Amino acid sequence: MPTFRTLDEADLAGKRVLVRVDLNVPMDEGRVTDDTRIQAILPTIRAITEKGGKAILLSHFGRPKGRDASQSLAPVAAAVGERLGAPVAFAGDCIGSDAEAAVSTLAPGAVLVLENTRFHAGEEKNAADFVQQLAALGDIYVNDAFSAAHRAHASTEGLAHKLPAFAGRSMQKELEALAKALEAPQRPVLAVVGGAKVSSKLELLGNLTAKVDILVIGGGMANTFLAAKGVKVGKSLCEHDLADTARQIIATAASHGCEIVLPVDAVVTKTFAAHADHRVVPVDQVAEDEMILDAGPATVALVREKLKGAKTVVWNGPFGAFELPPFDAATVAVAKAVAEATKAGALLSVAGGGDTVAALNHAGAAGDFSYVSTAGGAFLEWLEGKQLPGVEALRR
């Protein structure tokens, strides 16, 4: 039984349901260019309207300093209506007379988008008076924005203390997937952590060494670990000043019985460009004028071998400069191996973080992972073992 209330438990008929969603979508000249986040909230909207509830959507958009017409949610509301295949009304404010008038005219089953919550300073301050004004517009609160759950703002956290609070379908799916991956996982758990810098993932690495059985480190951050072990990495991206930190992480992992897997070979080049001349070498044979841009085939084979025994995989960050072919090979090969094992029922696989989602989509593997989180910052904070205010506020 989940530790939070879901829409299945809510009496929604005729109720004004304030739904915190994430409509902070990419736009170009008034058109939505990626509707992933809109698609994610449709099941929640439908669950509310089918039960006769009035769905009133709250979201931020961008980082406006006060009211800014260029950051209005009006064009996004139109896009929600198109994807929903139903009329979606829009109110020019999220509090005050405009919002009150729009809410008062809603019939059961109707959908309304309120204007950008960040047009008001009270949103990010989680100001009591702003929370109260929002709460006055609803009878029930639903949070369906895991991607904003790491922020203790009025619409993500404050409202949950003022109205009966429930998790939306997308939030529920995310929390259930994450619980299976790290809170009560099937072991062994293998984590893949890649990306450019160790400095941006220190807390994450520290938390994972205590929770997983095998930690595979790739990307630019692997160079820092290799250098800390005395390997010369040439001109590769490397945080030499973090050598002590890397050694500390290796020691912590050993004390927890967590095996760290580093690249054993590398794809090196002298030029940071797609299709640059390159060669594959063991990691201890990188020339002074070369840089590592990907893990090599022996590393891929090693990771595939480790995957055979794993029951759960958590992935954050690519293995190499995946946006520059052919330096995408390791990321693509390992992603496909995880996807195949998941499809065969051998693995539960959870991945997240902006670059990670892009890398898995590039590999054509995202669809076969058990769960791919589009949450970015909230997913990272969860991996770091932090409590997320928006989630904590939903707990029973």
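Using N, Cα and C of the backbone, Cβ positions are placed for all residues, glycine too.
For reference, Swiss-Prot has these:
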- Asp22, Leu23, Asn24, Arg37, His60, Phe61, Gly62, Arg63, Arg118, Arg151: substrate binding site (BINDING)
- Lys201, Glu323, Gly353, Gly354, Asp355, Thr356: ATP binding site (BINDING)
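Feature map: annotations from Swiss-Prot on the structure.
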residue	record	CB count, 10 Å
Asp22	substrate binding site	24
Asn24	substrate binding site	20
His60	substrate binding site	26
Gly62	substrate binding site	13
Arg118	substrate binding site	24
Glu323	ATP binding site	14
Gly353	ATP binding site	26
Gly354	ATP binding site	14
Asp355	ATP binding site	18
Thr356	ATP binding site	28
Can you give me the same-chain residues 6 or more apart in sequence from Lys201 (ATP binding site) with a CB-CB distance under 8 Å? Val193, Gly195, Met221, Asn316, Gly317, Leu380
Using C-alpha atoms only, work out the spacing between Asp355 (ATP binding site) and Asn24 (substrate binding site) and round it to an integer in Å. 17
Roughly how many Å lie between the Cα atoms of Gly353 (ATP binding site) and Asp22 (substrate binding site), rounded to a whole value? 16
Do me a favour and check the Cα-Cα span between Asp22 (substrate binding site) and Glu323 (ATP binding site); whole Å is fine. 27
Pairwise C-alpha maximum, in angstrom, for the residues (Asp22, Leu23, Asn24, Arg37, His60, Phe61, Gly62, Arg63, Arg118, Arg151) that bind substrate according to the record: 18
Among Lys201, Glu323, Gly353, Gly354, Asp355, Thr356, which the record lists as binding ATP, the farthest-apart pair of C-alpha atoms sits at a distance in angstrom of 21
Nearest recorded site to His60 (substrate binding site) by CA-CA distance, among binding-site residues Glu323, Gly354, Thr356: Gly354
Between Thr356 (ATP binding site) and Asn24 (substrate binding site), what C-alpha distance do you get in Å? 19
